[in-house]
Amino acid sequence: MAPQTLLLTLANLLIPAAILVFATGFFPYKPFMPGLAEYEELGWGERMGWKEGSPPKAPFDRLVFMVVDALRSDFVFGEESGMKFVQSLIRDGSALPFTAHATSPTITMPRVKAITTGSIPSFLDVILNFAESDTTSTLATQDTWLAQLKAKQNGKLVMHGDDTWLKLFPDFFERADGTSSFFVSDFTEVDNNVTRHVPGELLENDWNAWIMHYLGLDHIGHKAGPRSPNMIPKQIEMDEIVRTIYTAIENEDHLENTLFILCGDHGMNDGGNHGGSAPGETSPALVFMSPKLKKITDFTDRESPTKPKSGEFEYYRMVEQSDIAPTLAGLLGFPVPRNNLGVFIEEFLSFWDEGSDRIQLLLRNAKQMKRIVEATYPSLDFSNEGRDITEECSSPKVLHWTSDGQALACKWQGVVQIMSTFATIHPTLRFMRAAQETMSSTASNYDIPRLVLGTSLALLSVILAYFTLPSLRPIMPQGLFFAGTLLLYSINMFASSYVEEEHNFWYWATSAWFFYLFVSESRKEWYSRFISHPAIVLGIIHRVIRRWNQTGQKFAGADDIVHSPLLRGSNSIIIWSLIGATYMDISLRLSRHVARSISSFDEERSKDLDDFESTDANRFMGMLAVLPLGATAFVFKLAFTARDAPELTKGINEGILEWVEGLSLVGGARMVFAGLALSAGWVALAEWRRARRRKTGEGNGDFAVALFDLISLFLVTQTKAQNIPLYLLFRLQFFFLSVLDLSPTAITTTTLLLTQTTFFALGNSNAISSIDLSNSYNGVSDYNILAVGFLVFISNWAGPIYFTCAGVLLLGAHGRIQRHIDTAELDQRDWVAKEREHLERLVTQERALKERRKGGSGAWRAHVGLLTLWTGVSLTSVMAACTLLRTHLFIWTVFSPKFLYAVAWGVAWHFGIVVGVGGALWGVGKW
Amino acid sequence: MATIINPQAKPRPPATPIDLLNNDTARLYTHIHPMLVLSLYAYKFRSIVEDPVPALTSTLIPLSILQIVYVAICLPPTGGSGSAAAQLEKRKPGEKKKPAPGKLESGVNGKIIPAFLSLVLSVLAATPLLTATLVLFGAPVTTHHPHTFLCAAHISLLATLPLVYVHGVDGETWREIVALLLPIDEVYGGMIGTVFGAWLGAVPIPLDWDREWQKWPVTIVTGAYIGYAVGKLVGGTLLKGRKIMFE
């Protein structure tokens, strides 16, 4: 092995090592306390006059917990809300409204965890949210209010709605009916599945907690945003359900002591998506309802509808979502769950007339939190003994950020001292709030040495990759462009806006790159009609591609081509024509490969010819052979879209729609995948035969092209319908790039720019919320984490995969028409000297490309070397940004998601696609 | 494919950098001019941020006056058939001996009229082309049409007006201009600087600073003005006479 290859291998191996080391330091495993909490010894019993083990009497014994997914605060409290009944309850004093602050990541599973355990879920839950079947993410063994209520006498739980709950709490529920949010276009069925249980459950008196989780409102948001015309009717529908349940609570004796909670698990941003930490996403509504609440609402804010107190979505008082757990513990009479970091909502203290009961409730909450604090800071003193704290707590050290634990210890001492003199609730609340704040920020205690080690390993990989590169002199503009891109990118990774708006960087750089190609080509020869210059056409196509999907945060929801009326409603025939054209194009290409392969089995012709073209009969056969595959793929896409995005199939004939809706999606996808595998196998066999028989041993790399076209069809199958026309544009770009005679470095630069551009152009961004899951279950009938994970990657990185493969073909000039001109045969007397010159140039060009493909010039190694350098640089900069900015406000909302994306790029894209698929294409290109 | 203009029809003399007119006024004014242009922009900046369309429109007039005065005072006009440099050399020896016949008349004929022609050409020909280029680089297509057009007009007044004045409309020269084949001088440097500055001007737009001046096309125009001043200065001094090497 050449030393450079060795270095390159080493550089590549360092990348996963760096990621692993960094990730273990950045997302540390958070220990949690096992077992159910019990009422524990409280102390100060004599002074306060309470008996151990007898908590204050709970005002409620049953709970109806109604979650409406993505119920943003203004959907309930605002002036445009459709939830008039809830608002009337607020005015009446039988409902107590809050805005419940949800921490990022604002997606359902971590939010349900926060609501039920009272803890602040770690960022790793985001990954586990997508790997839902993973048993480590269940809450079966954790202490939650569900576990506490189930452990009570006659504790029986009932659940209807989002099956996330069933996955988190396996075997918890007496009766359950889960709905999965498979098709986001389903606004009604998911909710009717829940609502149909309401009348029956209201008559039952065996349950003590009934959980409902409605998904329709979230689906409307994802599909059409918060201002969709469907939004208000959905709110009215939810309001009616609240009315039904509340009226039953008012009138039925067995529901007399029922607490009814309506809440959202998270909100949504203006684009209707969630996952990040925009105010809209983190501000769900929270309403406690019961006729009994009138006792405590005398002095609370009853105005409704109202305006937000501050910001856009902060209505009434802002509490933490985790506060729900300890509040339920007090109101329903069970111990606060062990890992809770929530604080009892103080408005409810007025339920207890005795001051000592109030103090006891808070103190139990505080002691439970103190245990977590103790476990986090084992060296500090959190005993109940009063001691002299003036010295350690007044020193300036306490104010320093390193001694958050010390500050908490001091506050706890404050509680202890106040308890032993005269009891008030304020120091206890103060301690709890401080503990909540400190513990949620230390919810991830970074392991700094590991962060630094991981970053250094990535840097080492960059250095190694750098030394594998061929000589850097003379300095070429395309080399400078590549280096400049890497440099600017690493600077950008330190600015949160540029991480959020990363697509703009790539669009901007790619436009400039095509302009550079235009200038550089113009130096060689001048096209009088420069509008048709390949580089200009590339730029024009790029301009269309970048407008196809609006992405990023700042202008989320702005107009784009996909959402323009040109392609919607009755105009959807346009988009389907384009989709059909894309499938047609790929099918035609495939048919050519199949035709070639059929001709390879033609013994007669292969005897005396090296590379022979297919006959007309072969081509016809090829078309017939490919037609079923192309047609199945197209029909599958139509059937899938009719269910997933019906607004895109409005212009299609009803009869056709009815027919495709009867088809099995899983079966259809499997047929497409099997057809692809079959075709690949067949073409491989034929090309291999052809390569073996070839006398000169020089193939044209047709098999690599065939594989590329098969991969394209696979990628199209994994792409949302509205994005499929982009592949026509990609194909055009690929064509014009092959017209330009690019140097290897320029091809690598183009590969880098276009992989990144297409990633964002397909609608992705650096936010978790933009991950598209709609195509991740194609052909998968039961949950299979490997298959689904693979398909998630393919469907989100389809564009990058396309251009990585295209880059390999450009590099090796695979499948280009070969002229086979023999220079010796060129006539000396040829009177068109220029023509001769031209032909000779073509010959040398062809020879150079052939040489490149044979691996003589190390073009492949240089290509992988540059892309390894890129991956190393991007990982190093993202890791350095995460390390240096770990106390930044946006660390969990901007930089951590970016790190996860960088990991996906570094591992799945770089190893799987650049080295794996790209290497395979390069290898078979020599056949 | 597109036809290729045959460059071998007539051998051309190698292009030389444009020199300033050989008098003290030109040498002095060429440094005052960018300051005047930048001051004009700085003076108008607030109103441009407030309401770009009328402010950018009204700034066009003083800008074109400044550019016309600059080219008339400092630069050799294009010589029609021959290259600008040859024209300059022809004129130089005659300058001292013969008293110019009708100084005002020849000034108007030789300078002001070409300058106005360059103005008309850069507004009529270069501005639409630059508008298309801006759109190609990401300017909004469906909205902000006057904004983009005015932005292109400013860029063309800064970048192309002096170029048209010194190089005329010879197709081959313009091919060399686009292909970055000409040697750098203050006119060519100014053009490259303007274009590069306008491109860099897009950088602050995505930042979440929520400033008024981040709106379209304020940053692009600002980048173009600064780029023009820098490019003109560097092109006229440090890099003068150098050629841009690609391979």
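For all residues, glycine too, the Cβ spot is worked out from N, Cα and C.
Looking at the stretches A:479-499, A:710-730, the one that TrEMBL records under the feature transmembrane segment is A:479-499. Among the ranges A:4-29, A:862-887, the stretch that TrEMBL annotates as transmembrane segment is A:862-887. The stretches the transmembrane segment (A:448-467) and the transmembrane segment (A:862-887) are in mutual contact, each linked to the other by at least three Cβ pairs under 8 Å (pairs 6 or more apart in sequence). If you average pLDDT over the domain 'GPI ethanolamine phosphate transferase 2 C-terminal' (A:443-926) in this model, you get 86.
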